[in-house]
Amino acid sequence: MSRKASEDVEYTLRSLSSLMGERRRRQPEPGAPGGERSLLAAESAASLQGAELERAARRQFQRDETPAFVYAAAAFSALGGFLFGYDTGVVSGAMLLLRRQMRLGAMWQELLVSGAVGAAAVAALAGGALNGALGRRSAILLASALCTVGSAVLAAAANKETLLAGRLVVGLGIGIASMTVPVYIAEVSPPNLRGRLVTINTLFITGGQFFASVVDGAFSYLQKDGWRYMLGLAAIPAVIQFLGFLFLPESPRWLIQKGQTQKARRILSQMRGNQTIDEEYDSIRNSIEEEEKEATAAGPIICRMLSYPPTRRALVVGCGLQMFQQLSGINTIMYYSATILQMSGVEDDRLAIWLASITAFTNFIFTLVGVWLVEKVGRRKLTFGSLAGTTVALIILALGFLLSAQVSPRVTFRPTTPSDQNTTCTGYSYCNECMLDPDCGFCYKINGSAVIDSSCVPVNKASTTEAAWGRCDNETKFKAEGAHWAYSFCPTPYSWTALVGLVLYLVFFAPGMGPMPWTVNSEIYPLWARSTGNACSAGINWIFNVLVSLTFLHTAEYLTYYGAFFLYAGFAAVGLLFVYGCLPETKGKKLEEIESLFDHRLCSCGAADSDEGRYIEYIRVKGSNYHLSDNDASDVE
């Protein structure tokens with residue numbers, strides 16, 4: 001500690017001692033009402049040891065003294081979140097160009113969208129063993145290298161098979177990053193900033209999604225090679241992260257676990273600036289020693305986690321949060337935002353892409369709100385409020401699609417079906433019925449605001465941009481004749497309701513349910529189980545991500561568009577009950593203290609918020625424990 005810092009601490013100690021002495025002089029006489037307790041409080045304060053006073057003073061003095069190095073480490077780490085957001089968001093706009101140029105059918109579109117997600121799920125499940133063996137830093141370097149290679153393959157792809165290979169490589173990279181980055185940030189951050197810095201990762205995810213939507217819009221005017229720029233630009237942040245991590249240190253906790261104690265002390269001291277690290281270092285080392293004693297039993301870590309009640313409960317909470325994040329429909333919204341807007345009646349592809357960027361921007365801005373709220377409101381309240389608002393927004397979105405369905409245009413023109421064609425499409429009477437069949441499209445003309453000469457006909461199997469036969473079987477011809485072709489949407493005056501619903505959804509989702517599952521999972525596991533716990537929860541996130549993204553179009557087909565969003569609202573409501581009953585508050589607690597929150601049965605751990613405002617709750621007075629009042633605690637602190 002510097003000379004100036006030492007003088008400041010000594011001054012703070014003198015001030016605190018004076019304050020304690022003044023408090024003792026102000027105590028009532030023993031015979032006065034409350035005198036017995038006041039005397040005991042005075043004796044309690046007098047019995048505090050100098051070391052306790054010094055720790056209290058250092059906490060007060062050092063609270064805001066965090067080196068810029070910690071923020072730099074968090075920022076370079078969070079570039080993994082940016083890649084996560086960019087690579088999962090950019091495919092939405094790129095697909096509109098790819099399906100035209102490479103004439104992709106529905107199956108190949110689904111493969112390219114979900115291929116990266118599936119690979120990420122596999123990588124996330126294996127990532128626990130990977131970053132436990134190689135270290136957090138090496139795992140992040142590997143992730144950024146994979147993203148760089150995958151992006152280059154995508155930019156140079158000449159066919160759909162190469163595109164799929166590139167998406168798989170990118171998926172492996174973002175899967176490793178998805179569960180390693182939050183752990184690294186949590187382990188290098190001081191307790192008072194941990195939640196905020198981990199939330200920065202989610203801020204970068206949403207920033208990546210917003211940037212991807214802007215890139216999609218900008219390059220949507222390049223019909224031939226625009227998708228190459230969209231998919232290839234992800235290599236730039238991947239290279240920056242790789243170069244940055246060549247100069248960043250390994251996690252001190254991982255180094256201590258591997259026996260590299262001197263290096264760990266040096267790095268921990270560098271990351272804590274003017275703060276003394278002895279207490280934190282001893283706490284980490286002691287927890288590791290205890291965990292290593294418990295780990296002497298044979299068997300995989302996941303088996304030990306499941307057999308040990310506190311970690312089993314933590315795993316249920318962590319995986320449950322990730323599951324409900326996906327079941328509430330977030331990646332349906334993000335992957336299919338342009339498609340959802342088209343479903344609501346937006347005809348032009350470019351307009352749908354630019355409108356989708358509004359939703360991505362909303363997600364980004366309100367994630368910033370979450371960064372500000374996480375250490376003020378706490379994890380539990382923020383998650384609960386976010387999920388409650390998300391449920392309401394999904395209901396509003398569903399009602400908007402229901403309203404559009406109620407005014408769906410009728411089929412007024414039934415062309416003669418060629419003898420070799422299926423007649424299923426021509427049998428539908430309304431546009432919304434036609435749209436729910438993936439083999440059909442809606443051909444129509446517009447007179448003022450009225451839809452006229454409308455028919456439901458089979459879609460061209462080689463391209464969804466035109467019909468298999470009839471007036472709309474040639475895009476150039478039907479546009480010249482004033483006709484319109486709609487696939488997966490119906491013309492409606494209520495298309496604005498979908499945009500409002502999407503924006504409202506992200507206003508509520510982004511501050512809480514977006515970052516909190518990752519933040520909570522980075523905190524709730526003991527060190528010996530942290531990598532495996534985060535790998536399992538990230539894997540659950542990706543698995544349900546795949547399930548929801550692969551089934552959305554089929555769900556909309558069988559349940560209707562509004563039925564699909566009512567279903568997601570139901571899942572979100574169940575998640576609300578889960579958060580209320582099972583999620584404890586971890587705000588302001590050391591990572592080594594959080595395990596005790598799961599000592600009790602699962603659905604009582606979130607029954608009440610913790611009193612995190614007091615550092616000293618009990619002191620020893622003449623051989624017995626005395627509970628300090630709030631005022632006592634504030635005086636000591």
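Glycine is treated like the rest: Cβ placed from N, Cα and C.
According to Swiss-Prot, the listed position annotated as phosphoserine out of Ser18, Ser38, Ser629 is Ser629. Checking Ser47, Ser386, Ser522 against Swiss-Prot, you find phosphoserine recorded for Ser47.
When Ser6, Ser463, Ser610 are compared with the annotations in Swiss-Prot, the one labelled phosphoserine turns out to be Ser6. Within the same chain, the residues at least 6 positions away from Asn422 (N-linked glycosylation site) whose Cβ sits under 8 Å from its Cβ are Asp439, Pro458, listed in sequence order. Taking a C-beta cut-off of under 8 angstroms and a sequence separation of 6 or more, Asn474 (N-linked glycosylation site) has the following same-chain neighbours: Glu466. No contact links the transmembrane segment (498-518) to the transmembrane segment (66-86), because fewer than 3 Cβ pairs that are 6 or more residues apart lie under 8 A. For Asn447 (N-linked glycosylation site), applying a Cβ distance below 8 Å and a minimum sequence separation of six or more within one chain yields no residues. With a cut-off of 8 Å between Cβ atoms, the residues of this chain six or more beyond the topological domain 'Extracellular' (223-228) that come close are 94, 97-98, 100-101, 154-157.
For the topological domain 'Cytoplasmic' (250-313), residue counts in helix, strand and coil come to 47 helix, 0 strand, 17 coil, using DSSP. Reduced to three states, the DSSP call for Asn447 (N-linked glycosylation site) is strand.
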